[in-house]
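Chemist: What TrEMBL records for His289 is active site, proton acceptor. The Fe cation binding site annotation in TrEMBL covers His332, Glu338, His368. Look at TrEMBL and you will find Tyr347, His368 tagged as homogentisate binding site. Taken from TrEMBL, the feature domain 'Homogentisate 1,2-dioxygenase N-terminal' covers 5-276. The annotation domain 'Homogentisate 1,2-dioxygenase C-terminal' is assigned in TrEMBL to 277-429. The region 'Disordered' annotation in TrEMBL covers 12-32.
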Amino acid sequence: MSELKYLTGFDSEFTSEDPRRPGALPVGQNSPQRCPYGLYAEQLSGSAFTAPRNENKRSWLYRIRPSVVHKPFKRSNIAKYLTHNWNEAEPDPNQSRWSPFDIPNEKVDFVAGLHTVCGAGDPRARNGIAIHVYLCNSTMEKSAFYSSDGDLLIVPQQGVLKITTEFGKMEVAPNEIAVIQLGMRFAVAVDGPTRGYILEVFDGHFKLPDLGPIGANGLANPRDFLTPVACYHDEEIPGFKIISKYHGVLFEAEQNHSPFDVVAWHGNYVPYKYDLSKFMVINSVSFDHCDPSIFTVLTCQSTKPGVAIADFVIFPPRWSVQENTFRPPYYHRNCMSEFMGLILGSYEAKEGGFLPGGASLHSMMTPHGPDAQCFTAASTGELTPQKIAVGTQAFMFESSLSMAITKWGAETCQKLDPQYHQCWQQLPKLFSNHLNV
Ligand SMILES: O=C(O)Cc1cc(O)ccc1O
Ligand SMILES: [Fe+2]
């Protein structure tokens with residue numbers, strides 16, 4: 001799959017035809033009486049029909065059978081730890097840190113391996129988010145998955161995801177991300193132990209942040225986003241299962257064919273991937289510490305101006321040059337919740353304890369900041385230009401919602417570090433009789 005082709009651009013109107021069937025896209029209209037090659041036309045809507053033009057999202061799929069050809073959905077319990085029940089565990093405002101989540105030894109695929117760590121809100125009211133980790137080791141067989149609850153921003157940490165979607169195939173490695181939006185069907189193939197994080201947003205879609213005075217270029221550039229090209233499977237597959245996540249639980253419906261039977265498509269509602277190493281990092285080159293919003297890759301905005309349902313923020317390799325400044329993250333308390341994960345390497349504010357494949361949650365107004373060791377080093381070190389975070393990639397899902405931890409996150413996973421608070425206990429009292437210290 002390594003020579004996969006992609007279309008480039010973000011928020012674009014794309015067209016794609018499987019080269020085996022040239023001319024499969026109807027010309028000049030969406031729904032001819034009979035489509036080229038006799039295909040069915042099906043619209044996939046990602047916004048209300050009447051959404052303003054700049055928010056309107058839909059794609060037209062030209063397929064061998066319409067998606068409606070399936071048996072009734074029945075409840076499925078294959079993902080035991082997928083939940084939207086935010087009342088399972090007692091509320092806990094403490095700083096939380098998880099050691100790397102275990103990848104099971106027994107055979108588990110991407111869907112069965114979904115474990116919800118925390119979240120808030122309800123897809124029924126189209127308001128909320130869920131943060132899941134996937135812990136798996138085997139390829140989805142004769143099944144495809146979609147979420148009827150929200151868009152999925154997938155952050156692989158270990159193992160490449162070979163994702164087949166209705167729009168075509170994409171391969172997503174650690175240090176890349178994929179976004180698969182509400183309703184899009186996909187199947188994941190893996191090559192062994194595989195782990196990563198998922199941010200699911202129950203309303204809206206991810207956008208590139210506005211750049212304001214930064215200007216027309218920078219941060220994640222639109223041309224670096226990659227969307228798959230049409231690639232159909234014309235296959236009869238008895239007992240193929242369509243798995244839907246609906247109201248926070250799974251349902252499966254049988255059909256006797258591959259759902260990846262789209263011969264051509266066009267539209268602006270598509271799955272995509274992005275390589276985080278392409279991010280153009282902008283930061284202070286004089287003094288003081290920019291808020292981490294300067295590292296926003298994608299944002300899902302709420303209806304309050306500038307307030308995100310969730311932002312996806314990274315901490316990429318970069319030069320640190322600020323003078324007369326405490327360079328690492330400042331101590332703070334936030335009216336947003338901060339869930340962090342680590343893809344590679346280590347994170348400057350916590351050199352120990354926060355490990356690849358693990359996570360942390362600093363909930364609304366819960367104080368946090370650099371550990372004692374980081375504070376001492378950064379407040380006494382010589383401030384020469386320094387390349388930092390080399391070979392590392394930490395990220396944050398920052399949300400205006402106040403998230404609850406699930407029972408799996410709090411207890412069952414057995415990864416919560418009860419000693420996390422210790423990393424701040426050695427911070428000394430600092431107060432001198434001298435103005436200049
Ligand atoms: O808490 C964290 O480590 C994330 C973070 C990083 C930063 O540079 C400034 C603020 C912030 O919340
Ligand atoms: Fe923070």
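Every residue gets a Cβ built from N, Cα and C, even glycine.
These figures come from a predicted structure and were not determined experimentally.
Map the listed features onto the structure and describe their local environment.
Modeler: Here His289 (active site, proton acceptor) comes close to Gln322, Thr325, Phe326, Arg327, Pro328, Pro329, Tyr330: these same-chain residues lie at least six apart in sequence, with C-beta atoms under 8 angstroms from its C-beta.
Here His368 (Fe cation binding site) comes close to Gln95, Tyr331, His332, Arg333, Glu338, His362: these same-chain residues lie at least six apart in sequence, with C-beta atoms under 8 angstroms from its C-beta.
A strand conformation is recorded for Tyr347 (homogentisate binding site) in the three-state DSSP classification. Cβ-based neighbour count (10 Å, all protein chains) for Tyr347 (homogentisate binding site) stands at 25.
Long-range contacts of the region 'Disordered' (12-32) within the same chain, counting only residues at least 6 positions beyond its ends with a Cβ under 8 Å from a Cβ of the stretch, are 39, 41, 43, 60, 62, 167-168, 222, 227-232, 263-268, 270.
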Chemist: What does the DSSP secondary structure composition of the region 'Disordered' (12-32) look like, as residue counts for helix, strand and coil?
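Modeler: Going through the region 'Disordered' (12-32) residue by residue, I get 0 helix, 4 strand, 17 coil.
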Chemist: Using a Cβ cut-off of under 6 Å to any atom of ligand 2, determine which of the recorded positions His289, Glu338, Tyr347 qualify.
Modeler: Glu338
Chemist: Where does His332 (Fe cation binding site) sit in the DSSP three-state scheme?
Modeler: strand
Chemist: Taking the domain 'Homogentisate 1,2-dioxygenase C-terminal' (277-429) alone, what is its mean pLDDT?
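Modeler: Reported value for the domain 'Homogentisate 1,2-dioxygenase C-terminal' (277-429) is a mean pLDDT of 96.
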